[in-house]
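Chemist: Annotation comment: TrEMBL describes ASP175 as active site. The feature S-adenosyl-L-methionine binding site is assigned by TrEMBL to GLY96, GLU119, LEU120, ASN152, SER153, LEU172, THR250, GLU251, GLU252. Look at TrEMBL and you will find 11-32 tagged as compositional bias 'Gly residues'. The annotation region 'Disordered' is assigned in TrEMBL to 1-35.
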Amino acid sequence: MPLPDQEAAAGGDGGAMASGDGANGGGGGGQGKLPRKRFYRARAHSNPLSDSHFPIPISPDEVDLSQHYPRYFPSGEGEARQGDAAVPRIRFADVGCGFGGLLVGLSTLFPDTLMIGMELRDKVTEYVKERILALRASNPGKYDNISVVRTNSMKYIPNYFRKAQLSKMFFLFPDPHFKEKNHRRRVISMQLLDEYAYVMEVGGIIYTITDVEELGEWMRSCLEKHPLFEAIPEEETKADPVVKLLSTATEEGQKVARNGGQTFQAIFRRISLQE
């Protein structure tokens with residue numbers, strides 16, 4: 001994703017996985033010490049249609065993986081671009097990753113798979129960066145396959161991923177945008193599913209979950225109507241180890257569970273038109 005000097009010049013978050021003190025000072029702590037969320041709190045949601053200022057790669061081939069996964073791409077070996085045939089590619093994308101709970105859970109479940117969290121809020125993105133750095137420092141050899149980038153996934157998904165690159169996409173507890181006039185801000189829509197289908201491989205899985213019933217129905221309806229997705233049978237989802245993480249790994253999911261709330265999942269497979 002964007003290089004450190006590019007982000008600094010644009011007034012962004014700093015390096016993609018650069019270390020340093022947490023926001024407001026004192027958030028990051030010493031080596032291996034997890035950051036404290038109180039230094040990184042931000043508004044629960046952001047307007048995805050507003051203009052934000054952060055660098056965006058011109059194309060997926062310009063994404064420099066060495067800035068995100070240094071153990072896989074050591075410094076001194078040059079940049080590792082996704083366009084290089086021999087370079088492993090990111091396979092999972094957590095859209096609106098929040099504080100990174102799902103990424104952390106997936107990291108050990110799929111230790112050889114590169115995955116990225118995509119978050120619009122700058123303070124939250126910085127928290128996830130510091131969290132990953134701390135986990136790497138205190139658990140050598142682990143959590144090297146996850147990273148995060150500040151970006152607007154509703155606008156720039158094709159800038160980060162090539163056609164049929166992703167095998168899993170996650171949309172956990174997205175902003176419901178209750179007002180009808182704001183439904184165009186929802187992260188699942190027929191138009192956006194066209195873009196998600198483009199970057200997903202045939203057989204790839206899209207996972208959604210919410211505690212808002214109307215939004216759950218909306219996301220399921222969009223996926224059912226789209227010709228490139230089909231619902232995965234319940235018996236198959238029950239056997240999928242990822243599904244349990246949808247409601248337990250994130251701060252939002254844990255809050256719903258504590259309050260005895262209900263969740264609504266829609267899990268669909270990317271198919272080809274011939275099917």
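Keep in mind that glycine also has a Cβ here, set from the backbone N, Cα and C atoms.
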Chemist: Where GLU252 (S-adenosyl-L-methionine binding site) and ASP175 (active site) are concerned, what is their Cα separation in Å, rounded?
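Modeler: Each residue's Cα considered, GLU252 (S-adenosyl-L-methionine binding site) and ASP175 (active site) end up 11 Å apart.
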Chemist: Taking only the Cα atoms, work out how far THR250 (S-adenosyl-L-methionine binding site) lies from the residue listed as 'active site', in Å, as a whole number.
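Modeler: Just about 14 Å between their Cα atoms.
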Chemist: Based on the record's binding annotation for S-adenosyl-L-methionine (GLY96, GLU119, LEU120, ASN152, SER153, LEU172, THR250, GLU251, GLU252), what whole-number value in Å is the widest Cα to Cα distance?
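Modeler: The widest Cα-Cα gap among those binding residues is 21 Å.
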Chemist: Tell me the Cβ neighbour count for GLU252 (S-adenosyl-L-methionine binding site), meaning other Cβ atoms within 10 Å of its Cβ, over all protein chains shown.
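Modeler: By my count, 20.
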Chemist: In angstrom units, rounded to an integer, how far apart are the Cα atoms of GLY96 (S-adenosyl-L-methionine binding site) and ASP175 (active site)?
Modeler: 9
Chemist: Take the Cβ of GLY96 (S-adenosyl-L-methionine binding site) and count every other Cβ within 10 Å, whichever protein chain it belongs to.
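Modeler: Total other Cβ atoms inside 10 Å, all chains included: 22.
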